[in-house]
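*Asks:* Here it is, the structure in full.
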Amino acid sequence: AAMVKETIRVYARVKPLGRRQQAGSYSVDVEEEPLSSLEITVPRDLADGFVNNKRESYKFKFQKIFDQEAKQDVVFDSIAKPVAECVLAGYNGTVFAYGQTGSGKTFTITGGAERYSDRGIIPRTLSYIFDQLQKDSSKVYTTHVSYLEIYNECGYDLLDPRHEASRLEDLPKVTIMEDSDQNIHLKNLSLQQATNEEEALNLLFLGDTNRMIAETPMNQASSRSHCIFTIHISSKEPGSATIRRSKLHLVDLAGSERVAKTGVGGHLLTEAKYINLSLHYLEQVIIALAEKNRSHIPYRNSMMTSVLRDSLGGNCMTTMIATLALDKRNIDESISTCRFAQRVALIKNEAILNEEIDPRLMIVQLKKEIQDLKDELELVTGKQRTTELSQEELLQLNDLIETFLKDNDPDSTLDVGADMRKIKYCFAHMKQLMNHPTTSDKKLLSQDIPEEDTNNETGEELEKLKELLQQRDNEINNILVNMLKKEKKKAQDALFQLNATSAGSTVLERSLSINLEERQSPSSCFSLKEAKEFSSSVHRLPFLFRQTGGRMSLGCQEAFEVFQQDHADSITIEDNKRLLKQRFAEVKCLGEKLNEVRSKINHLKGEITQRHIQRAALAVSNPSEELNMMDPVEKKLRMQIEEEKKSYKTMFSRFKGLKVEIEHLQLLMEKVKMKMQKDFEVWWSEEAKNLQQEKPEMVTSPNTVTVYPQFIKSSQHLSTSSFSETIKVSSNEDPAGKNNSMTFSNRTLKTSTPPSSTTPIPLTGDSQADADILAFIKARERILQKKG
Ligand code: ADP
Ligand code: MG
């Protein structure tokens, strides 16, 4: 198989400086083709303390350096696209980002959460790969994705649907299994089929969301965990049994920051320790690989190095991006990152073409070949052939053999004709005669035995053999059928899961993909409403559902709305909403225009037909005219049609582009919304805790919550066991004392005991709702105070 030997390509990307950050001193030099170099100068004040040796300037070489202003598309084009191309050709590929927390790993690999143009390497790679697959009709492709998170040396399947409902530690762990050929297999990591870009993006989004859900302030998963998004591609030419399989790992590593070891006298030493153990093992593997004549590479020390074994010094095209935050405070971490990168650049990989033969396809192919040959033989001999010789033929052969053996003439031959079955039988029979002369003697002597008996005996034996053969045949068939059934079931399961996760998107799909060839009536135009419904239907409040067992109380909902307005991300949401609206309008407009152009084309076609009819009529009345000549009117009409088609095509590709953008924007918005809900959840439970601590007497028992009358302006509303009016917070609860009335319209509070205005009102009906209201009142106050 073809093999490509290459060192790991190492790139650097410098993150834009924050507004309040002080720039560190560095320079990028691209003159030394083909490599670029990055020179970092350590300021004197730092050089004394942080960096142990006396050097002040450090120079590192990279394949290419992307400075602060480099955009995502450029980064994708030069870093990930070449790897994706190799993967499409059947080689394995890996792109991994390495750098301290906050240096832009996630931004580079996955993308920013705000703008469409900020989408990172994963969505761009998916887009590129599916585009290429669509263009290539010479092969049949299947694509799957998996998304693995490694946290604390444990692997989790980010695409596991149970993620939403359970805690991280309750999920089945992904474990490593090694087969006899030392290939790594990952147990409990699902491979989800993705037939197009949209399905793959949905899976990416699902995984990112699950990652976010699992993260709590206690486990800073996003900086301490490694995420490996893998695209699996298999391809096959139609009719061929050879399959090419390749994998593309897109890896967002844990933050590379180290804990500085404090030396004697409080001095900081350069050789600091990783916070993350797997990164420590990664570095060991890399050091081992860079050393010459080193035979043992400690891949097995950690889960991550096991999973990435092929990517590091193995069968893979590998690329690393060192992400750097080159402000003054992060200079030393950046130097560490660059040093690591220099070592990685020494590793040689050998990527081989991953081709294999599918035994099932092979069987099918061989069976077909046999049938073809049989047919051909039948044609040539003019005789039908079965696999077995008939009894008559066998007897005939026995006779021939016997005669042949008895014949002492050295020139005698055994001629059975050009029939492999007969030739084989003769050899087998003679072998038997040689090995068992006694039985064969008997057989040879069997001439004396009446013919009928012999016939019966061989007949029975033959029947038995036939039965046995039939039995074996059935067994083989059963195995094959079971194999196929299993595969089918697997495929269906995967499909089912996929449908379950992306059920909402089909609505959008339906509404966006107007198939203009089929559309006839203008009433079936693009539906804006449908698409909008979709955008609000995906993934609603998974966290709160989880916490309250499927329901979010009303007070809590109301508080959430207030919280939402106050949240920093609401600006992003609003911006994106506006953009989305604009895009929807554009798509709608384009859809209408496309329909228009289509009807125009149809109209022109109609005109041409009319013209034909006219000309035909003219030909009848006036023969011999210049009928063979091209009608100039028709020519003009045709040209017009061509023009319209051209504009149709450009509009349609723009339409498709917009569709992808809309989907992406929707996913981004959902992500931000979910983040907000998560923040809210944390804040909400804290508020509830605070409230309980401040006013313990309010909660008398878990089931009876008392509301002080001063909270409620007119208590008689409560006696009707529902209130849909205004609740006023009394002035001693609210120092501002104004503009803080809240309307609970159509909210129902069940009360079992009639309230009295002198004693605290027990609201025992729904303690959750009662507590929510109290907490809400409190929460709103806090927000108002915060807002000043
Ligand atoms: P990491 O994953 O390495 O911890 P992030 O990718 O989360 O870092 O980046 C930290 C912050 O910096 C994020 O808010 C991100 O949007 C922003 N950021 C990182 N790189 C860039 C860049 N090249 N351009 C603009 N913003 C960036
Ligand atoms: Mg990150």
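For all residues, glycine too, the Cβ spot is worked out from N, Cα and C.
In case it helps, TrEMBL gives these features for our protein:
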- Gly99, Gln100, Thr101, Gly102, Ser103, Gly104, Lys105, Thr106: ATP binding site (BINDING)
- 455-501: coiled coil (COILED)
- 729-750: compositional bias 'Polar residues' (COMPBIAS)
- 751-760: compositional bias 'Low complexity' (COMPBIAS)
- 7-347: domain 'Kinesin motor' (DOMAIN)
- 729-765: region 'Disordered' (REGION)
*Asks:* Taking the Cβ of Ser103 (ATP binding site) as centre, how many other Cβ atoms lie within 10 Å?
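*Replies:* Taking all protein chains shown, Ser103 (ATP binding site) has 26 Cβ neighbours within 10 Å.
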*Asks:* Provide the number of Cβ atoms within 10 Å of the Cβ of Gly104 (ATP binding site), excluding the reference atom itself.
*Replies:* 21
*Asks:* For ligand 2, list the binding-site residues among Gln100, Lys105, Thr106 whose CB atom is within a distance below 6 Å of it, in sequence order.
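*Replies:* What lies within reach of ligand 2, judged by Cβ under 6 Å, is Lys105, Thr106.
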*Asks:* Is it possible to get the count of other C-beta atoms within 10 angstroms of the C-beta of Gly102 (ATP binding site)?
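*Replies:* A 10 Å sphere around the Cβ of Gly102 (ATP binding site) contains 17 other Cβ atoms.
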*Asks:* If the ATP site is taken as the center of the Cβ atoms of Gly99, Gln100, Thr101, Gly102, Ser103, Gly104, Lys105, Thr106, which further residues of that chain fall within 8 Å of it by their Cβ?
*Replies:* Lys15, Ala97, Phe107, Gly255, Thr323, Ala325
*Asks:* Per DSSP, Thr106 (ATP binding site) is which: helix, strand or coil?
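*Replies:* Going by the DSSP assignment, Thr106 (ATP binding site) falls within a helical segment, counted as helix.
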*Asks:* Mean pLDDT over the domain 'Kinesin motor' (7-347): what is the value?
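*Replies:* Here the predicted model's pLDDT, averaged over the domain 'Kinesin motor' (7-347), is 87.
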*Asks:* Tally every other Cβ atom lying within 10 Å of the Cβ atom of Thr101 (ATP binding site).
*Replies:* 17
*Asks:* Quick one: what's DSSP say for Thr101 (ATP binding site), helix, strand or coil?
*Replies:* coil
